[in-house]
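Copied over from Swiss-Prot, here are the features:
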{"type": "BINDING", "residues": "20-26, 48-50, R321, 347-349, 429-431", "note": "GTP binding site"}
{"type": "BINDING", "residues": "D21, E22, G23, K24, N46, A47, G48, H49, T137, R151, Q232, T247, R319", "note": "IMP binding site"}
{"type": "BINDING", "residues": "D21, G48", "note": "Mg(2+) binding site"}
{"type": "ACT_SITE", "residues": "D21", "note": "active site, proton acceptor"}
{"type": "ACT_SITE", "residues": "H49", "note": "active site, proton donor"}
{"type": "BINDING", "residues": "S315, V316, T317, G318, R319, P320, R321", "note": "substrate binding site"}
Amino acid sequence: MSASAVGQGRNVVVIGTQWGDEGKGKIVDWLTDHAKGVVRFQGGHNAGHTLIIGGKKTILRLIPSGIMREGTVCYIGNGVVLSPEALFREIEELETAGLEVQKRLRISEAATLILPYHVAIDKAREARRGAAKIGTTGRGIGPAYEDKVARRALRVQDLFDPQQFAERLRENLDFHNFMLTQYLGAEAVDYQQTLDDALAFAPRLAPMVADVSAELYAVNAAGGNLMFEGAQGTLLDVDHGTYPFVTSSNCVAGAAAAGAGVGPGRLSYILGITKAYCTRVGAGPFPSELYDNDNPARQDQVGVRLANVGKEFGSVTGRPRRTGWLDAAALKRSVQINGVSGLCLTKLDVLDGLESIKLCVGYTLDGKTVDILPRGSDAVARCEPVYEEFPGWNESTFGVKAWDALPEAARVYLKRVEEVVGIPIDMISTGPDRDETILLRHPYLA
């Protein structure tokens, strides 16, 4: 029996099925009309969600995209690593734009804090790795998660016990400063400055701190719908991605339950977001890659065109994204891991005007043909893509709002994607604005 059948609201999880940057922010914003609240459950301010509303561009890094909808309550769950400095910088940007933020934002008391020493370690490690760097954003996300797993992290609730916070901070800094100075060859982080700055955030945070898990339960019990907004993408998941070229958190749908404190049985529908092609930022294997700005051997002109037409630059880092054909074999892996109910395909219009379009449906790996992305980055790096080729279309799909209005060649391509991955495409995004969307099946009504 569904959650809605027993009087509870429906919960939709929106996750990326690629290497991030799939266009989740717009889709979350589009669906927020049907949700009482929007929840971030993992990651930190290392991923930007870009929204274009009424022609105005807004980039959100930490606060859920639902903040752009008046009256929607936004939640930051216990699975998020929180930089108070980044949070208030983002709040100020939004409030300057005329949005009411602090009265609509709830922050889990159990969220882990990102503090200056996490940032220092992140940057020092990448500098030490040199050419072998992973490509982190340098914002302290990974080191903060390390502290959480090591059970030494300072959490939001610790800010409200200054004496205990000071004692634990000193212990942490003794450890991290030793690592910074003796191993990484970097400068130590000042204890007193870190303490003073952190405690200064406490009174500003206090009105927003809540038992998020209990509040989410209450919203559902009253019949309210919730949306869980994933950051990054499945192929960057710390367990299921192309390890070690991954982020430091679980980006899969199952993380919504643990990272927000809700029962997994209350997740009603999983919406997987995928571009009509693939992109990746930073290092790591990418079987269907065509273009990499930093690699002279990867300068295919179709890939260059995808990057330029798709404006493929990181919204947080500004780094050029690597581009390639849609990898349906990798998408199939993501669909299985997440239990995806339906797909939303974004940026279809970027393919307009191509003479032909290729779809990766499998790989040749060590002399064998496989139809799903293998586990482990070494195996993925050895994969040679197996493509199916489709005729392109010259008609514009930009802003199209109905399936039947799409060019026949586009419909054929999309139907083949459905066949390969084994689930339906329920939504198609044909432009950055809210209304540039084709709806085939509504996640809250499915």
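Count begins at 1; order follows the chain as displayed.
The backbone N, Cα and C atoms fix where each Cβ goes, and this holds for glycine too.
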Candidate nearest Q232 (IMP binding site) in space, where candidates are the binding-site residues G20, G318, P320, L348 and distance is Cα-Cα: G20
Per DSSP, three-state class assigned to P320 (substrate binding site): strand
Residue among binding-site residues G318, P320, R321, L348, T430 with Cα closest to the Cα of D21 (IMP binding site): R321
Residue among binding-site residues K26, R319, R321 with least C-beta crowding, 10 angstrom cut-off: R319
For R321 (substrate binding site), the one of G20, G23, T137, T430 that lies nearest, given that the binding-site residues are compared by Cα: G20
Candidates G20, G23, G318, P320: member of the binding-site residues with the richest Cβ shell (10 Å): G20
Sparsest-packed of the listed binding-site residues (N46, T137) - C-beta count within 10 angstroms: T137
Neighbour-count leader, CB within 10 A, binding-site residues: Q232, T430: Q232
Using Cα positions only, nearest of the binding-site residues to T137 (IMP binding site) (G23, K26, G318): G318
G20 (GTP binding site) versus R319 (IMP binding site) - Cα distance in angstrom: 13
Cα distance (Å, whole number) from P320 (substrate binding site) to T430 (GTP binding site): 22
Among G20, K26, N46, L348, which are recorded as binding-site residues, the nearest neighbour of G318 (substrate binding site) by Cα: N46
Candidates G20, G23, N46, L348 (binding-site residues) - the one closest to P320 (substrate binding site) by CA: G20
